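Structure first, commentary second.
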Amino acid sequence: MKKISIHDLMKWKQEGKKFATVTAYDASFAQLFEQQEVPVLLVGDSLGMVLQGKSDTLPVTTEEIAYHTRCVRAGSPNSLLMADMPFMSYATPEQACENAGKLMQAGANMVKIEGGEWIAETVRVLAERAVPVCAHLGLTPQSVNIFGGFRIQGRDEAKAEQMVKDALTLEAAGAQIILLECVPASLAERITKACTVPVIGIGAGNVTDGQILVMHDMFGISANYMPKFSKNFLAETGDMRKAVTKYIQDVEQGVFPVAEHTFN
């Protein structure tokens with residue numbers, strides 16, 4: 001696989017070519033994903049739940065994300081590698097710069113930040129300092145205590161309008177990717193069409209430019225439960241490499257996710 005950059009993703013959006021993304025946490029799986037040509041990987045703070053057994057992502061630290069970023073980069077030198085900025089690691093633009101620097105030095109090509117237009121200044125400051133940003137909207141797991149659990153977001157018109165505004169504000173501030181989690185497919189379509197940057201979805205229908213799954217969900221090995229928006233590709237194929245290839249093909253062909261994985 002050739003080295004993937006944000007310019008490739010922008011080109012694919014313009015061409016209408018969909019792309020697959022998956023989380024990764026170690027060198028071995030990162031290598032497998034690169035060999036199967038997954039173009040974008042995310043070292044997610046989901047590691048707190050799927051690796052550490054925590055009930056949410058809040059305890060994860062910047063140092064832990066940096067460690068796993070180094071591991072993933074060692075296994076996948078050519079993917080576009082995003083790294084999550086953990087809870088309270090970007091409370092101020094200054095703090096965000098310090099912690100984003102650690103993740104970029106660990107091998108990330110981009111950092112992912114959760115939040116709406118209130119993080120626009122942080123996005124702007126990072127972008128001005130050569131740190132590309134993916135802005136995460138919708139169900140932002142670090143806000144689980146505000147939401148009262150892991151719940152679909154943007155169902156009423158006022159919140160939907162605010163999310164569209166958030167996406168456009170963050171793009172204007174310099175965000176190079178928008179990630180939408182657990183939002184109605186109709187809202188995801190509005191945002192995908194409104195934004196000029198690539199939009200990645202999870203639980204957001206099949207109209208976004210890209211899709212992302214947690215690798216443990218994709219392989220059906222999550223300890224607790226299978227989210228509505230996920231699919232066990234390993235059960236369908238019986239082989240990890242074939243499962244990854246099937247996931248990529250289904251995303252590119254627009255046949256994953258289908259209605260059963262989508263919120264209305």
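Even glycines carry a Cβ here, placed using N, Cα and C.
Swiss-Prot lists E181 with the feature active site, proton acceptor. DSSP gives E181 (active site, proton acceptor) a strand state. Cβ contacts within 10 Å of E181 (active site, proton acceptor), excluding its own Cβ and spanning all protein chains shown: 22.
The Mg(2+) binding site annotation in Swiss-Prot covers D45, D84, E114 and rests on sequence analysis. For D45 (Mg(2+) binding site), the count of additional Cβ atoms within 10 Å of its Cβ stands at 29 [all protein chains shown]. D45 (Mg(2+) binding site) carries neither a helix nor a strand DSSP state and counts as coil.
Under the heading 3-methyl-2-oxobutanoate binding site, Swiss-Prot lists D45, S46, D84, K112, citing sequence analysis as support.
Cα spacing between D84 (Mg(2+) binding site) and E181 (active site, proton acceptor): 14 Å, rounded to the nearest whole number. Of the listed binding-site residues, namely D84, E114, the sparsest CB environment within 10 A is found at E114. Farthest C-alpha pair in the 3-methyl-2-oxobutanoate-binding residues D45, S46, D84, K112: 12 Å apart. Geometry remark: E114 (Mg(2+) binding site) versus E181 (active site, proton acceptor), CA distance 11 Å.
Around the Cβ of K112 (3-methyl-2-oxobutanoate binding site), a 10 Å sphere holds 24 further Cβ atoms from the protein chains shown.
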